[in-house]
């Protein structure tokens, strides 16, 4: 009986693997999983990436200067445009000659008829700085681009990006003058008219600046902050990439609607929140004919649309933050998500504060710059999750 039990015990040991066998399997499995090694960035890519980052930084400043120029009503002070740049007046006689040119156009005749030469100097300098900064961006982009191209620093993909960015920079300068011309045209006949640039051209000019900024910053992130593929176990993990792209689109759309608000001075109507006056939906939203004109030409409707888009952006970013709370994401991705939602709420607060205070220049400038900061965080988030893969539970 004892011999029979001993034989059965020996047979069980042969059929059931021992601890050494399990250890061998574990070691083999570990060896099959490749370790994530830090990605080394070539020196040339670092140099080009810093250059792209510099371009995006200069565009950021240009957008801020453009906002201040518009808020101080300085954009129509320079009534001529030269590709190589206008010469700034230096003597009192030259200032008076420039002022005499300005006096021939609608803004002076209908709005600033009592302006002095000294007051004119301020608005002229604001527009002059904005234009010269735009030309500085062109030089900062073009000269290094030629050098890097000849040195072979650009791969095929980067060459396409450089050509696209160069084209956008050139078109942006032309679009800026095309926008200014709309405010110099003799189309303001009524004494109650307010000479201003076309809101359509203003929105196009701002949208082009945002696209230029986004492309240059995205290329900088790709070269300076490489990311690894990572896998998370979640049924809705794929939503993160989709939500990050949607966030970028909403930020851009809200900013463009803000350009229409600026172009029509729509921030000076219904300076209350959350209601517009005593109503949630004002009665004068659809007073223009045909009805679609209200979307881009009625100040009330334009402000209403900007409010809805802003609230939608905050809601979307908050939903993204809530969805990702239980997911095991890399630290940088979590930081990016937190930055996006925090900036979205900050931007909304700035917008409401600007509205309630009747659009003071400092607050309005901060609000416009805040939209670019929010877009920057959204671009960073999209960059961090671009190689995300998901494993369904």
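Every residue, even glycine, has its Cβ placed from backbone N, Cα and C.
Here TrEMBL flags 51-71, 132-149, 161-180, 200-225, 246-270, 304-323, 335-359, 365-383 as transmembrane segment.
Counting Cβ pairs under 8 Å to the transmembrane segment (335-359), the stretch among 51-71, 161-180, 200-225, 246-270, 365-383 with the most such contacts is 365-383. Using a Cβ-Cβ cut-off under 8 Å and counting only residues 6 or more beyond its ends in the same chain, the transmembrane segment (200-225) has close neighbours at 41, 45-46, 48-50, 52-53, 55-56, 59-60, 62-63, 66, 70, 158, 161, 164-165, 168-169, 171-172, 175-176, 178-179, 182, 248, 252, 255-256, 259-260, 262-263, 296, 372, 375-376, 379-380, 383.
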